[in-house]
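**Student:** Quick one: structure below, then a few questions.
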Amino acid sequence: MQWLMRFRTLWGIHKSFHNIHPAPSQLRCRSLSEFGAPRWNDYEVPEEFNFASYVLDYWAQKEKEGKRGPNPAFWWVNGQGDEVKWSFREMGDLTRRVANVFTQTCGLQQGDHLALMLPRVPEWWLVAVGCMRTGIIFIPATILLKAKDILYRLQLSKAKGIVTIDALASEVDSIASQCPSLKTKLLVSDHSREGWLDFRSLVKSASPEHTCVKSKTLDPMVIFFTSGTTGFPKMAKHSHGLALQPSFPGSRKLRSLKTSDVSWCLSDSGWIVATIWTLVEPWTAGCTVFIHHLPQFDTKVIIQTLLKYPINHFWGVSSIYRMILQQDFTSIRFPALEHCYTGGEVVLPKDQEEWKRRTGLLLYENYGQSETGLICATYWGMKIKPGFMGKATPPYDVQVIDDKGSILPPNTEGNIGIRIKPVRPVSLFMCYEGDPEKTAKVECGDFYNTGDRGKMDEEGYICFLGRSDDIINASGYRIGPAEVESALVEHPAVAESAVVGSPDPIRGEVVKAFIVLTPQFLSHDKDQLTKELQQHVKSVTAPYKYPRKVEFVSELPKTITGKIERKELRKKETGQM
C-alpha cells in the first residue's frame with residue numbers, strides 16, 4: 001500500500017505540476033535495441049501464451065533490471081490537467097490487484113464473460129489486463145450504447161459481470177432483472193451506488209500477489225460485437241492468439257516500434273482497434289501508450305496535443321485527418337510526430353497528398369475487421385500506392401477470391417479472403433460465439449470471406465472496392481442497418497424504413513433513412529418530424545447510429561419475395577441510377 005500512497009494517480013488523480021513538458025528528445029530514452037519482447041517466427045504458434053505474463057511481466061522484469069529506459073508504459077492526460085503515468089512494474093502491481101478483485105471478491109472464474117463498458121480512462125487497461133491474468137473473457141463495448149443495446153449484449157453473451165461508469169449504471173439497472181447471468185456490477189466512479197461494487201476501493205485494498213493463469217494460445221481471451229446486416233450484432237470470439245500477432249517479426253516490421261516511442265491511437269474503447277493499437281501492439285514493443293481522454297471530439301485539441309506532447313506514432317480514422325486538414329493552416333510541423341496511420345475507412349488519394357504537403361508526413365493505411373485484427377497495411381519504408389491499403393500482414397495469406405473460393409488473377413475484382421486451410425491463422429477469430437451457422441457461412445473453400453470486395457495487383461497490394469453487405473461505415477463506426485431500422489420502427493410515425501450509407505465528404509458515409517410514414521403522420525411537418533425521429537433514435541440506441549439524412553417515400557423498393565432492396569437505394573445515393 002505504500003506505493004499506492006506515494007504514486008498518487010488513479011484514485012485521487014493528481015494535478016500535473018509541469019505545465020510545460022520537456023522537449024521530446026529529453027522525454028524519449030534511447031532505444032534498447034538489444035532487448036525485445038519474446039517473439040516467434042511468423043507462423044510458429046507456441047502452445048501456451050498469455051499477454052499479461054509473457055509480455056507485460058517481461059517488460060516489468062527489464063525495468064527491475066535497469067534494462068528499459070525511463071519512459072512510462074502508460075501515460076494518460078485529460079483536459080482538466082489530470083495526469084497518470086505508470087511503469088510496467090506499476091501496471092503489474094495494479095492488474096494483479098484487479099485480478100484478485102475479480103476472482104476473490106466477485107467470484108469470477110476462468111472462462112466467465114465480463115462486459116467492459118468504459119471510456120478512455122485508465123481503468124479500461126487495468127480491467128483488460130486483469131481479465132487476461134485470470135482467463136476471464138472480456139467484452140469491450142462503446143459507452144454510447146443505450147439500455148436496449150446493453151440488454152442485447154448482456155443476454156447474448158451471458159456475461160456474469162460488468163464494469164462501467166455512472167452515466168451507464170442507470171441504463172444497466174433498468175434492464176439487469178432481465179439478465180439472469182449477471183451477478184457482479186462494478187462501478188468506476190467517485191460516488192457509490194446501491195447494488196454496485198466500488199471498483200477503485202476494492203483494487204486499493206486487494207492483494208498485489210497473484211499468479212497468472214496458464215493459458216493455451218487458443219484459449220478464448222476477448223469477444224467483440226460486430227455489426228450485422230440482416231440482424232443484430234454478432235459475437236466474434238478471439239483467442240490469446242490475437243495478442244500474439246504483434247510478436248511475429250513480420251508484424252513488428254509494420255511500425256518498427258521501440259521502447260523510446262510514444263504511441264497515441266484515437267480509437268473508441270469498444271473497438272478491436274483499441275485492444276490492438278492501445279494495448280497489445282505498443283506494449284509488445286515495450287513503448288509508451290499515450291491517451292488523451294476526450295469526452296467530446298475536438299480537432300483543435302488533437303492538434304494541440306500533437307504539438308505539446310512527444311507523440312511520434314499516431315493513429316486515427318481517415319475522417320480525423322480530413323478534419324485536421326480543414327483547419328486554417330497552410331503548413332504545420334509537429335515536433336515529435338514521425339509516423340501517421342489510418343484505418344477503418346478508405347483513404348482518398350487527395351487526402352494523402354494534402355497531408356504530406358501540409359505536414360511533411362506520410363499517411364500509412366491499414367485494413368482489418370473485428371474478426372481479423374490487422375489484415376493488410378502499408379508501413380514505414382514501404383512504397384505507398386494511392387488507392388491501395390497495402391500488403392498482407394503475417395500470419396495472414398490474403399487473396400482475392402471468387403464466390404467458390406478460387407483465387408482470381410491480379411487486378412480482378414472479387415472477395416477479399418484469408419486462407420484458413422490447412423492451418424487457421426492464430427489471430428483470426430475463433431467463431432461467432434453461439435452461432436455455428438454464421439461461422440460456417442463465412443467459410444469459402446480454403447478461405448475466410450471477409451465480406452469486402454477488392455482487387456490485388458501484381459505486387460500484392462490490395463485495393464478496397466466496397467462491401468458486399470450493407471454495413472455503413474461512418475467515421476470508422478461500422479453500423480448495421482437493422483439496428484437503426486429497429487429503432488425507427490418503434491416510433492408510431494414509421495410504417496417501415498430502410499437504412500443505407502450516404503456518401504459524405506468528411507465522414508466517408510453517413511446514415512440515411514428512407515421512411516414510409518403511417519397514415520396518421522402523413523400531414524405532419526416533415527422538418528419537425530425528421531428532428532423528432534433523429535432524437536428518437538438517439539434515445540433508444542447508440543447516438544452515433546442516428547440518421548443524419550432522412551427521406552420520406554411512399555414505398556420502398558422490394559424483391560418479388562418482399563425483401564427490401566437496399567442496393568437500389570444505395571445506387572440512388574451514389575448517383576448510379
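For all residues, glycine too, the Cβ spot is worked out from N, Cα and C.
Taken from Swiss-Prot, the feature ATP binding site covers Thr226, Ser227, Gly228, Thr229, Thr230, Gly231, Phe232, Pro233, Lys234, Asp452, Arg467, Lys563. The annotation N6-succinyllysine is assigned in Swiss-Prot to Lys146, Lys183, Lys204, Lys237, Lys356, Lys391, Lys538 (among others). Annotation comment: Swiss-Prot describes Lys146, Lys204, Lys214, Lys391, Lys538 (among others) as N6-acetyllysine, evidence class similarity to another entry. Summarising the annotation, Swiss-Prot assigns transit peptide to 1-31.
Map these features onto the structure and tell me what's around them.
**Tutor:** Around Lys234 (ATP binding site), a 10 Å sphere centred on its CB holds 25 further CB atoms from the protein chains shown.
Sequence-distant contacts of Lys146 (N6-succinyllysine), defined as residues of its own chain at least six apart whose C-beta falls under 8 angstroms from its C-beta, comprise Glu171, Ser539, Val540, Thr541, Ala542.
Reduced to three states, the DSSP call for Lys146 (N6-succinyllysine) is coil.
Residue density at Lys183 (N6-succinyllysine): 14 other Cβ atoms are found within 10 A of its Cβ, drawing on all protein chains shown.
A helical conformation is recorded for Lys204 (N6-acetyllysine) in the three-state DSSP classification.
A coil conformation is recorded for Lys214 (N6-acetyllysine) in the three-state DSSP classification, outside any helix or strand.
Cβ-based neighbour count (10 Å, all protein chains) for Lys237 (N6-succinyllysine) stands at 21.
Within the same chain, residues at least 6 positions away in sequence whose Cβ sits under 8 Å from that of Lys356 (N6-succinyllysine) are Leu362, Leu363.
If you take the C-beta of Lys391 (N6-succinyllysine) and look for same-chain residues 6 or more apart in sequence within under 8 angstroms, you find Cys376, Ala377, Thr378, Met382, Glu459, Gly460, Tyr461, Ile462.
In the three-state DSSP scheme, Lys391 (N6-succinyllysine) falls into the strand class.
In the three-state DSSP classification, Lys538 (N6-acetyllysine) falls within a helix.
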**Student:** Could you state the whole-number distance in Å separating the C-alpha atoms of Phe232 (ATP binding site) and Lys538 (N6-acetyllysine)?
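**Tutor:** Here the two Cα atoms lie 17 Å apart.
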**Student:** Fewest other CB within 10 angstroms, which one of the recorded positions Lys204, Lys214, Arg467, Lys538?
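**Tutor:** Result for the recorded positions Lys204, Lys214, Arg467, Lys538: minimum number of other Cβ atoms within 10 Å at Lys214.
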**Student:** With every protein chain in view, how many other Cβ atoms are within 10 Å of the Cβ of Phe232 (ATP binding site)?
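**Tutor:** 15, counting other Cβ atoms within 10 Å of Phe232 (ATP binding site).
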**Student:** Let me know the DSSP-derived helix, strand or coil state of Lys356 (N6-succinyllysine), please.
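**Tutor:** It is helical.
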